[in-house]
Amino acid sequence: MPSALRADGITVKFGGVVAVNDVSLDVEQGKILGLIGPNGAGKTTLFNALTGFVTPQAGRIYLHGKEITRLPPYMRTRVGIGRTFQTERPFEELTLLENVLVAAFLKEPKRKKAERLAMDVLEKVGLADRYDQPALDLNLARRRRLELAKALAVQPSVLFLDEMMAGLNPPALKGMIGFVRQLTDQNLTIVMVEHIMEAIIALSDHVIVMANGSVITEGLPGDVIEDPRVITAYLGED
Amino acid sequence: MKKHYIIFAGLVLMGIFYPQMFPGYLSVAITLLLYAGWATAWDILGGWAGQVSLGHASFVGLGAYFVAVGTSHYEIAPWWTVLMVLFAASLVAYLWGRLTFKLKGPYFTLSTIAIAEIFRLIAINEGWLTGGATGVFIMTLPEPFGLDLFSRQVNYYLALAFAAITVLVVMLISRSKFGYQLRAVREDEDSAMASGINPTTVKLKAFMLSGALTALGGGIYAIFLSFIEPHIIFYLLLSVQIALTAIIGGRGTIWGPCIGALLVVGSGEIFRTTFAEANMLIYGLLIMVVVIFMPRGIVGEPARYLIRRVYAKRAQS
């Protein structure tokens with residue numbers, strides 16, 4: 001399988017603090033990369049560097065072989081990156097349909113077609129029956145699904161999910177895992193930052209573990225969680 | 001959406017026959033229509049894109065000065081100067097936006113006051129071009145098809161056309177891709193970027209459209225007044241009134257700015273005659289009541305309430 005997303009030696013500094021230190025990764029098309037690590041490990045910063053919301057001081061990023069390191073976030077969306085935000089950011093004044101419509105317009109400039117696409121995506125995430133509700137009134141699980149719908153409506157080739165599972169109750173979690181699994185069947189490549197191990201193990205083809213800005217280990221999910229270095233990173237030394 | 005076009009057609013039809021029904025109240029109606037148009041134009045940037053400007057008097061001034069100076073100094077017919085000012089205002093808005101759209105929220109608003117002040121000072125000090133502090137008189141105007149552009153009747157129809165054009169533009173925008181890009185940028189710029197939207201481009205387009213339309217109204221205003229001076233036409237108070245009209249009526253709604261104009265200009269007129277000197281006091285109270293009890297404006301607040309109630313009902317059943 002060809003590489004969908006590749007990053008070489010990404011380094012992000014905030015003032016004197018090195019948030020991400022020389023991280024490289026490579027995700028094949030249709031695969032899921034899980035990004036884990038304790039709080040403050042630099043996962044979200046790496047995530048933001050890959051999606052363009054933070055500018056890395058060093059390193060290069062390639063999407064399907066084309067360099068995107070210098071592209072602003074909206075240009076990365078146009079070339080095929082979709083993302084969700086850790087704290088969901090719906091357009092609160094707009095209805096669910098309009099929220100997704102904003103994203104759907106990217107590939108379908110005609111209103112009728114964009115609306116159909118938006119409705120299809122809402123159908124997929126199970127929010128179609130609430131399409132005319134203002135986004136302001138949604139509960140957490142539904143806000144998550146709306147966030148996902150917005151990211152899917154730009155019809156990305158690589159999807160970035162930032163802690164989609166956190167705070168979901170068991171049935172909602174199960175539903176979300178099943179849904180994400182389905183997405184890769186359609187050849188979508190996924191990079192996910194996640195704290196919920198259940199989701200990481202169930203979904204990831206490959207896991208990268210970060211601590212203090214650096215990769216401490218990587219590999220298959222089952223192997224990685226038994227790695228003593230990972231346990232130390234999460235629980236500290238005894 | 002269809003209902004908006006029906007309302008629009010009804011209002012324009014009423015507007016056409018207004019001069020026959022109330023020939024004595026033309027000046028008030030002209031002021032009202034100009035404010036409705038300006039507030040609607042302001043709202044493209046201030047309401048739909050969420051960038052509150054307190055500098056829109058600059059565009060009124062640009063439009064007014066282009067037309068007034070054009071006819072009185074260079075003998076260029078108003079329709080040419082209006083055409084020119086549409087381009088000039090777009091260009092000004094573009095440069096203005098390039099310079100200030102890095103600023104967010106209240107900082108952007110403050111910067112608009114500062115830049116508008118520069119325009120006022122230019123109008124006052126560059127007398128060779130603008131007539132300086134004494135202003136410009138429009139003594140003669142061409143008579144296209146035998147129409148007397150000085151007549152109140154003609155002024156009225158110009159103002160009506162201006163208001164109708166701005167509302168029509170907003171109606172078209174509201175359902176379009178651009179309209180949704182504006183709302184997305186207003187709500188959350190990061191999230192808009194994740195949807196592939198370049199916030200700066202969208203805001204620039206909104207500013208250019210808003211500025212050009214405001215300038216169009218300014219040109220008509222100059223013909224209506226036939227005398228303009230920088231202290232009034234480039235003044236902060238005018239910017240504030242335009243913004244308040246839209247805010248009171250309801251930002252980011254199709255009819256809000258028009259309702260705002262009806263209330264602000266209408267009540268201003270009534271209070272001036274019945275309360276004499278207390279009229280500014282009443283005016284201030286009115287603004288406070290709206291801002292406190294209807295932060296989304298007279299149109300925005302009930303619309304929102306209705307939508308939520310309708311939805312809540314459906315969710316229960």
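Every residue gets a Cβ built from N, Cα and C, even glycine.
Automated prediction, rather than curation, is the source of TrEMBL annotations.
So that you can see what the record holds, here are the features copied from TrEMBL:
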- B:52-71: transmembrane segment (TRANSMEM)
- B:77-97: transmembrane segment (TRANSMEM)
- B:118-142: transmembrane segment (TRANSMEM)
- B:154-173: transmembrane segment (TRANSMEM)
- B:206-226: transmembrane segment (TRANSMEM)
- B:232-249: transmembrane segment (TRANSMEM)
- B:254-275: transmembrane segment (TRANSMEM)
- B:281-299: transmembrane segment (TRANSMEM)
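Scored on C-beta pairs under 8 angstroms, the neighbour of the transmembrane segment (B:254-275) with the top count among B:52-71, B:77-97, B:118-142, B:281-299 is B:281-299. Counting Cβ pairs closer than 8 Å and at least 6 residues apart in sequence, the transmembrane segment (B:77-97) and the transmembrane segment (B:206-226) reach three or more and so form a contact. Sequence-distant neighbours of the transmembrane segment (B:281-299) (same chain, 6+ residues past either end, Cβ-Cβ under 8 Å): 244, 246-251, 253, 255-256, 259-260, 263-264, 267-268, 271, 275. Tallying C-beta pairs under 8 angstroms between the transmembrane segment (B:154-173) and each of B:52-71, B:118-142, B:206-226, B:232-249 places B:206-226 first. Among B:52-71, B:206-226, B:232-249, B:52-71 has the largest number of CB pairs under 8 A with the transmembrane segment (B:118-142). Within the same chain, residues 38, 41-42, 45-46, 77-78, 80-82, 84-85, 88-89, 92-93, 96, 108-109, 112-113, 115-116, 119-120, 123, 129-131, 136-138, 140-141, 207, 210-212, 214-223, 225, 228, 230, 233-240, 242-243 sit at least 6 positions outside the transmembrane segment (B:52-71) and bring their C-beta atoms closer than 8 Å to a C-beta of that stretch.
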